[in-house]
Structure formats: structure tokens, C-alpha cells
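Presented below is the structure to which this report refers.
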């Protein structure tokens with residue numbers, strides 16, 4: 001799967017269709033562990049953002065990966081912090097900061113196999129900024 005710019009340039013090479021099932025299984029296993037772990041509010045925001053980022057980097061579908069990633073993020077917040085988390089205006093923040101949002105996602109690398117999650121901090125800080 002390739003993500004391309006409007007002018008047809010390759011912006012990102014996602015997990016291959018052969019890798020997607022095992023990568024999603026890993027994500028679901030991590031989700032199960034996190035759901036059964038007591039987390040602080042800061043940890044909850046960190047892992048919600050990380051779930052979002054990992055999902056969009058796997059990029060399992062042709063379209064809707066960003067929307068799905070943001071939904072996973074919000075769902076995780078609600079699971080850990082309660083239903084009031086659905087009112088966090090993160091989608092609005094990402095929309096108003098869309099250039100930064102995509103730049104922070106791209107910062108990890110061009111190809112799925114070579115992603116560098118040590119460069120994820122700027123992305124991970126966006127969710128907490130949406131509530132300040």
C-alpha cells in the first residue's frame with residue numbers, strides 16, 4: 001500500500017497486505033494489555049496517541065485510516081477515563097493543525113519496515129495539547 005500526495009508522489013509505504021494481519025494482531029494484543037492495566041492520566045494520553053499512530057502507520061485500508069486511528073484514540077481514552085473523554089476536542093485540534101499533524105506522522109519515516117518511533121514525541125504531544 002502506498003500513500004501518495006495529490007501530485008502522485010509516494011509519501012509513505014505502508015505494511016504490505018501480507019504483514020497487516022500479524023501487525024494488527026500485535027496492536028490488538030497490546031490494546032488488551034493496556035485495557036487491563038491501571039494507567040495514570042498522562043499514560044492514558046500517551047498510549048491513546050500511540051495507538052492512533054501505530055494504526056495509521058500500519059495503514060490497513062485504502063481509505064479512512066486517519067479517521068479510524070482518531071476513533072481508536074478517542075475510544076481508548078473513553079475506556080480508561082470514562083464517557084466524558086468523547087468530548088475531548090482532539091479532532092478539531094488535528095483539523096486546525098492538519099499540516100503539523102501530517103508532518104509529525106511523516107517524521108517517523110517513509111517505509112513501514114524502517115519507522116523510527118523515537119521520532120514520535122511531537123505527534124504524541126498533540127493529543128494533550130488538544131485539551132489545553
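Residue numbers in this text run from 1 along the chain shown.
For all residues, glycine too, the Cβ spot is worked out from N, Cα and C.
Feature annotations, courtesy of TrEMBL:
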type	residues	note
ACT_SITE	59	active site
BINDING	63, 64, 65, 66, 67, 68, 69, 70	ATP binding site
DOMAIN	1-126	domain 'Fido'
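Geometry remark: residue 68 (ATP binding site) versus residue 59 (active site), CA distance 10 Å. Within the set of binding-site residues (64, 66, 69), the lowest number of other Cβ atoms found within 10 Å of a Cβ is recorded at 64. Same-chain neighbours of the ATP site beyond 63, 64, 65, 66, 67, 68, 69, 70, judged by a C-beta within 8 angstroms of the site's C-beta center, are, in sequence order, 55, 56, 61, 71. Here the domain 'Fido' (1-126) is broken down by DSSP into helix, strand and coil counts: 83 helix, 8 strand, 35 coil. Cβ neighbours within 10 Å of residue 70 (ATP binding site), excluding its own Cβ and spanning all shown chains: 19.
The residue listed as 'active site' and residue 70 (ATP binding site) are 13 Å apart (CA-CA, integer value).
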